[in-house]
Amino acid sequence: MPTRESYQARRYEPAPPHSNYDYDSDSGHRDTYPSESGSPGSPGTHNGQGFYDQNVYDPYPPQDSDSESSGGQEYTSTAHTYPEYPEYPTGSGQIREAYAAWSSDRQIPLSKEEIEDVFLDLAQKFGFQKDSMRNMFDFLMQLLDSRASRMSPNQALLTLHADYIGGQQANYRKWYFAAQLDLDDAVGKTQNPGINRLRSTRRPNRRAAHERSLHNAMERWRKAMNDMSQYDRLRQIALYLLCWGEGAQIRFCPEALCFIFKCADDYYRSAQCQSSIDSMPEGLFLRSVVKPLYRFIRDQGYELVDGKYVRRERDHEDIIGYDDVNQLFWYPEGIHRIILTNHHLLVDLPPPERFLAFDRIDWNRVFRKTYYEKRSFGHLLVNFNRIWVIHVSMYWFYTSFNSPTVYAFNGVTSRAMTWSAVALGGAVATLIMILATIAEFWYIPPTWANTSHLTRRLLFLLVTLGLTAGPTFYVAIAESQGNAGQVALILGIAQFFISVIATLLFAIMPSGRMFGDRVAGASRKYLASQTFTASYPALNKKARAASILLWMLVFGCKLTESYFFLTLSLRDPIRVMVGMKIQGCRNKYFGNNLCRNHVALTLTIMYVMDLVLFFLDTFLWYVIWNTIFSIMRSFSLGLSIWTPWTDIYRRLPKRIYSKLLATGDMEVKYHPKVLVSQIWNAIIISMYREHLLSIEHVQKLLYHQVDTGDAGRRSLRAPPFFINQGDSNYKGEFFPPGSEAERRISFFAQSLTTAIPQPLPVDAMPTFTVLTPHYSEKILLSLREIIREEDQHTRVTLLEYLKQLHPIEWDNFVKDTKILAEETEMFNGPNPLGGEAENKQDDLPFYFLGFKSAAPEYTLRTRIWASLRAQTLYRTVSGMMNYSKAIKLLYRVESPDVVQTFGGNTDRLERELESMARRKFKFVVSMQRYSKFNKEEHENAEFLLRAYPDLQIAYLDEEPASKEGGEGRIFSALIDGHSEFLPDSGRRKPKFRIELPGNPILGDGKSDNQNHAIVFYRGEYLQLIDANQDNYLEECLKIRNVLGEFEEYAVSHQSPYAQWGAKEFNRTPVAIVGAREYIFSENVGILGDLAAGKEQTFGTLSARAMAWIGGKLHYGHPDFLNALYMNTRGGVSKAQKGLHLNEDIYAGMNAFGRGARIKHTEYYQCGKGRDLGFGTILNFTTKIGTGMGEQMLSREYYYLGTQLPIDRFLTFYYGHPGFHINNMLVILSVQIFILTMLFLGTLNSSVTICHYNSNNQLVRGMAGCYNLSPVFDWIHRCIFSLLLVFLIAFLPLFLQELVERGTLKALFRLAKQFASFSPFFEIFSTQIYTHSILSNLTFGGARYIATGRGFATTRLSFNILFSRFAGPSIYLGIRTLIMLLYVSLTLWTPYLIYFWLSITALCLAPFMFNPHQFVFSDFLVDYREYLRWMSRGNSRSHANSWIGYCRLSRTTITGYKKKKLGHPSEKLSGDVPRASWRAVLFSEILWPIVMAGIMIIAYMFVKAFPDANGQYPANPLIRIALISLGPLVWNAAVLLVLFFVSLFLGPILDTNFPKFGSVIASIAHVLGLVGMLGFFEFLWFLELWDTSHAVLGLVTVIAIQRAVHKVMVSVFLSREFKHDETNRAWWTGKWYGRGLGAHVMSQPAREFIVKIIEMSLWCSDLLLGHLLLFLLTPPMLVPWADKFHATALFWLQPSQQIRAPVYYSKQKKQRRWIVCISVIEWTALTDRHPQMIKYGIIYSLTVVLFVCLIVLRESPLFCFCLLLAPTHTVFHSTSHCFPTHFTFFLFNLPYDLKGLNTIDDFM
């Protein structure tokens, strides 16, 4: 093209032969900014210098005559208005061009062709890929078109450059100054204070201080930017976008990208570049710049094994992640570290030469960790130190003041001692800060810059500790000597006030602002930290006042209530227990010391319990006041139902006109009623097409044209829906009752009552993109999936279930289908033989299947109907494409002239509307696996493209290596429905195909999937949507209002570079606008409603308040993002594997820390699906919990926790990590309370407790009693507190429902939840949260869990539920339940019923929420499968066996042996590294030993009292050791004998007898069970049938064996093999041929230890499983139990209950041998139920035996104790077991043996 060639020649003349930077001959320094006397824009200044140079600025040639330049102009106007938006005439029926707002008739600064030439030139000079260049060209043109549609093209380009490069909010400009590149020698030279710390010499010439000041530097920058030509601005934007477009993983490192851009820009402006004739080869930028950095990042987490990349065994602290890489470029010291392969520094090269040296950088020597994400609970101490200071210090102040007897001398507490003891609260606060500071040393690199302020802080804290603690020693000594006078009192008072000041200081001031203010410090060295981590957006005065008021109310109420309710209730127990010494008891080893200090130990546990309640109280008051504030906010926004609904509906047409239509900027040629009618009718018709409304309802809701009777004139009649709302006599029904249509219209009407931004005309609205990541989610349901059961455990087809959930919509669908069929018959002719009766019969297939013809057009309709009511991608795409319909509708309504222009040519009109919709809205689905789809998936994806041709699909396209051993190439490709097909492959030809540096999926998947597709978004804004969401036409009509929330509609005519500080360009940007979600699965039973309730409370109610007071972050879907802002700051999520598991929230924290606001909209909502099964919901809970554990390790939490002001810190804490920490404290409080009650029970059962009459006088005959009555009153208060903490959790949902839906619906919903056992689910999910966070902080292992989004109609077998939830909850529940049994036996109070229900939920909740759990036949099938699961896997490998589950549980600690793997995914999911000693030492060794010690103390105490004859029991320590360790010794002996048997006989017999290994294993396990039963019966005998003592002994034995098992696993076991060959080798004796190699010599010893542990585990799980089955049996005896249960779970009416399953003959035959029923039942069911025999007999005998044991025992309670006895336990890797119900030889003992007192008597 001649014109382009001449243009290029004119643009890029060779530069004069001197470098990019001029060097002053005198000083040798190079300047970085232009002088004020420069001559910008003059023809003779093209010398290759840029805006970094000082002496001459503008290196670029003058503008073309046909282009406008703003160079050199100073804009003076400050007015900003909504301009007259330009019309883009299309001519007579001409369709508008691609970039309509960037057209030649609008005085554009550069034409489309000129911009394209810029991109071509840059691609040639830097070696960018052609497709990437084309993609970025289209990206920039659509961005310019979007902006130019609401402002002048000149201003569009100017503001775009300001946002990307040079404006006040541009990240590049902020980085430039933060990294101190504005100083004289940029990087690495004399005048850089950061480098001065590295170099000892200084150059003589220094600038004056004012010239080096940041203010002057920024002013020079502004002038340089203002003087720049529009061409240069565009060229810089283009270069940045090209770097970003090929950046791949570097896009997660925004400042690294800035550095690359700067080096590229320096090179471009150099003489070398301008004089170069040869083009760079395509792909050079990728190979030399991107790929080396990518490889470094990849190699941090992966290693190459046998040609495949597998995960390294590294935790976060050993991985240099994206944030570490990025932070290198924040500081000059970091940039100075960049070293070349020849050992020269990059910064020593002249700036123009640095870019060409990128391929010679040795990145492996450059980077280092900038923050250590070590797995430690110390992060909670560092990040949330103010929380601990506030609570622990205040608790000390309160409690010490009310504990005068603790520090009394000779029974007298002096005033001085009181002041001093209370003042120690300040020492506590100081000690917390000292520990936090020491821990902080552990998490940051030990450089002087990092640790100097910590050192100063630590010294200050040590001095403060001396001031707050030292005087106490003097006062105490003086008091003890009796010579304390006024000096002690004055000293105590002074100490108290110093402590108060210190506590307030540490509670309010962020630790990051102490001795080195990283937030507001004036030092230049803190600028980077301030810029990128602490630029928190300021709140307006009202919001800040509300924030402060909220926390004043929370802590005001909390501190008042805690003092009077908690602390004062503990005052009397402290008074009576301090100094209480138990008399008359002794121990052989400890004498009476144990008894004398038992009360003190009990009181200590009570103190801890009260402290935990002190923490819980705060969260309780936060929930209350946050809910109140949110409700008040909703009233102020007009969101409450208490606004008269009739008024809302009656005013709806006016609100549609005034709020949804851009009436202020359009020429109104029609009556508003006409415009509104088009909008309203479109909404109603869309609902009809979605089968939400019948034709009868539609007629009542539409605007109709009616004759006026005046010469044929017609008028619009409003629907009765608007007219008759206030007419009480009107009996019509507008919607089906309780329908989805009614809900949607109600929300639509309600939402328009709020104040919302005014919309722009469609022509002027900004372009936006919806981005949806997709991996393997269901695209479209197949016919097989909807008309067949999922598996043999499913009792209903998906279609039948959906018909029951949506009966009205199914009926409308059937009617619609029948109309379609009738229309088809009109063409094909009716059946001449079909009468009316036959026609009715012919209708049956419609109602059952939705079709009676197998033609694809009919079956496809049914598939679509089902897919639109499930969680499918089709539903998401269909919903989001309503944006396109909404834009077309609004454009048509608001632009009647367009309709007139095209006249009756509807096709051309439709193309014009589609063109506008395509211009303003894009939808990109990132289908990561598209190229690997199977046939069905590919067909479904192709169906999407044909149904929605404008849908764009981004995917990864792999190209195999050209030679063996080489690396394949991976491309990011984009197709849409307009892409042509390739004849050779049948696949669509990509529009763009951009090579990536390697596999982009380095993290957990979603963020990487988003990142590779992000280059294909278009426009200014992004909406992030998941693949299980929905949207509605009426909500899509609000899109212009929502985008107005970004506050960028108001256009200023002033240049952003005219002056700094102009409010139009200095306002805090809005980065994220959150939106509500409606959980459309809320009516799918109790679990769906619980998920919806959580979304209502957190996503709506809490988000409303948090957004108001500045605490809301980004939580993913369906938030809108300022795409330009986010993509220049690291993208829409973070991607380090594991650490960024909850990837979305990091984008919010990143934006918040960098100075952007995050808003929340109440008037817009999207649909969202949630997990619907118990298991899948808890998988999601586990993912959130482990993700929160990772967040607590992250640097983002460190920055927020140590830098936010106190009120905003509290909002952040209680809105995010505080919720999860509160869950942990709830579970901890229950366990500590049970432990407290256990110790009090030991007192109550062992000593005489004083009783008082109504006059508070001691009852006669109570001499020598112990007064514990105040303690029992305290117990009642604690129970009430815990119950209140539980009940308050339901308050937010109730109030939210009350405000939005009314009193009756709120009460009804709450009643339904309680009737459906929702409290049990909440308790269980709280434990899952707790377990997930604790295990993650201890062992790690956070990973993405595919949660599943189908309908939970499948019954899961008992063994699956047991293996899934035993470790996280059931074991803990059973342990606690046994302790609670002892408490109930010794200290019964009706309040304990609450704890029985709560702790039972930890054990039984998985089975209570299992569909059809209480069907007798299925129950016994479960029993068979459970026995098989327990017994299989010993002679041959089995994927589903107890031994496999046990080994998998153990690998959390032991890890797997390192081995080469064939498939990378195995390495990712299966190879767990061995837990570090740091993680294991406390959680697996010390803590279990401590708990065992506490239980031993309790047991020894109750055994330290003499009997009625005055004789003391035998040594309890020996007794408990014998019972605890005896089973282990017995197991060891049995295993040793059987080992030699199998070793000698196995190789001989195993070949002929394949079951030899199983027989040996069975013998061992039976003997192990017998041994355990025997030892427990021996304990029962030694306790002389004392039930409470036996239960306490059992608790102690459990604790001891738990500790022993944990120590054995942690200390003695090496890593596991991934196979189970060693297990089978042990039982069969065949150790050869197992692939063990050299391990064959060491493995038998290891396996011996393993088998000792596994024998105990197996016995306990066998007995525990039976116990759970026994507890689940009684409900099955209740008639219609399954119907009641199904009604509670699915909320289906009895008439809609799911039918019984239908089995094949073979299945019936199998089931006959599984189940046995009584003869009477069998006789009654002969005709309709298969005969059931085998496993029913086994289970019945087990139940009979259990009942007999209870009947034969003297005490039913003791039998219950025996039942609970074996059910230990712990996490499976360290649990053990005990006998339950066999009593062996005790039946035959003589009765008089019961009087024996000691073992010696028995012997």
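For all residues, glycine too, the Cβ spot is worked out from N, Cα and C.
Curation does not apply to TrEMBL; its annotations are automatic.
The compositional bias 'Low complexity' annotation in TrEMBL covers 34-44.
Residues or ranges marked as compositional bias 'Polar residues' by TrEMBL: 68-80.
What TrEMBL lists as domain '1,3-beta-glucan synthase component FKS1-like' is 231-343. DSSP places the residues of the domain '1,3-beta-glucan synthase component FKS1-like' (231-343) in helix, strand and coil in these numbers: 73 helix, 10 strand, 30 coil.
Per TrEMBL, the feature region 'Disordered' maps to 1-90 (among others).
The annotation region 'Disordered' is assigned in TrEMBL to 192-212 (among others).
Annotated transmembrane segment per TrEMBL: 418-438 (among others), in sequence order.
Positions annotated as transmembrane segment by TrEMBL: 458-477 (among others). Among residues of the same chain six or more beyond the transmembrane segment (458-477), those with a C-beta under 8 A of the stretch's C-beta atoms are 407, 416-417, 420-421, 423-424, 426-427, 429-431, 433-434, 437-438, 484, 488, 491-492, 494-495, 498-499, 502, 514-515.
What TrEMBL lists as transmembrane segment is 489-508 (among others). Outside the transmembrane segment (489-508) by six or more residues, the chain places 385-386, 389-390, 393-394, 414-420, 422-427, 429-430, 432-433, 464, 467-468, 471-472, 474-475, 1206 with a CB less than 8 A from a CB of the stretch.
Residues or ranges marked as transmembrane segment by TrEMBL: 548-570 (among others). Within the chain carrying the transmembrane segment (548-570), a Cβ under 8 angstroms from the stretch's Cβ atoms is held by residues 390, 394, 398-399, 402, 606-607, 610, 613-614, 617-618, 621-622, 624-626, 629, 1105, 1109, 1206-1207, 1210-1211, 1273-1274, 1277, 1281, all 6 or more beyond its ends.
Annotation source TrEMBL lists transmembrane segment at 599-624 (among others).
Within its own chain, the transmembrane segment (1225-1254) has Cβ neighbours under 8 Å at 582, 585, 598-599, 601-602, 605-606, 608-609, 612-613, 615-616, 1262, 1264-1269, 1271, 1275, 1278-1279, 1282, 1285-1286, 1326-1327, 1330, 1376, 1379-1380, 1382-1383, 1385-1387, 1395, 1398-1399, 1494, 1498, 1501-1502, 1505, 1588, 1592, 1595, counting only residues six or more beyond its boundaries. According to TrEMBL, the feature transmembrane segment maps to 1225-1254 (among others).
Here TrEMBL flags 1365-1385 (among others) as transmembrane segment.
What TrEMBL lists as transmembrane segment is 1391-1409 (among others).
Per TrEMBL, transmembrane segment is recorded for 1485-1505 (among others).
According to TrEMBL, the transmembrane segment annotation covers 1517-1544 (among others).
TrEMBL lists 1556-1581 (among others) with the feature transmembrane segment.
Counted over residue pairs separated by six or more positions, the transmembrane segment (1587-1605) shares at least 3 Cβ pairs under 8 angstroms with the transmembrane segment (1485-1505), which defines the two as touching. For the transmembrane segment (599-624), same-chain residues at least 6 beyond its ends with a Cβ under 8 Å from one of its own Cβ atoms are 391-392, 394-395, 399, 553-555, 557-558, 561-562, 566-567, 570, 573-574, 577-578, 580-582, 1214, 1218-1219, 1222, 1225-1226, 1228-1229, 1232-1233, 1235-1236, 1239-1240, 1243, 1271, 1274, 1278, 1281-1282, 1284-1285, 1288-1289, 1291-1292, 1497. Residues 1086-1087, 1174-1175, 1230, 1233-1234, 1275-1276, 1279-1280, 1282-1283, 1286, 1317, 1319-1321, 1323-1324, 1327, 1358, 1361, 1364-1365, 1369-1370, 1372-1374, 1376-1377, 1380, 1383-1384, 1668, 1671-1672, 1689 of the same chain lie 6+ residues outside the transmembrane segment (1391-1409) yet bring a C-beta within less than 8 angstroms of a C-beta in it. Same-chain residues lying 6 or more positions outside the transmembrane segment (1485-1505) and placing a CB less than 8 Å from one of its CB atoms are 584-587, 590, 594-595, 598, 601, 1235, 1238-1239, 1242, 1245-1246, 1512-1513, 1516-1517, 1519-1520, 1589, 1592-1593, 1595-1596, 1598-1600, 1602-1603, 1606-1607, 1610-1611, 1770, 1774. This prediction places the mean pLDDT of the domain '1,3-beta-glucan synthase component FKS1-like' (231-343) at 92.
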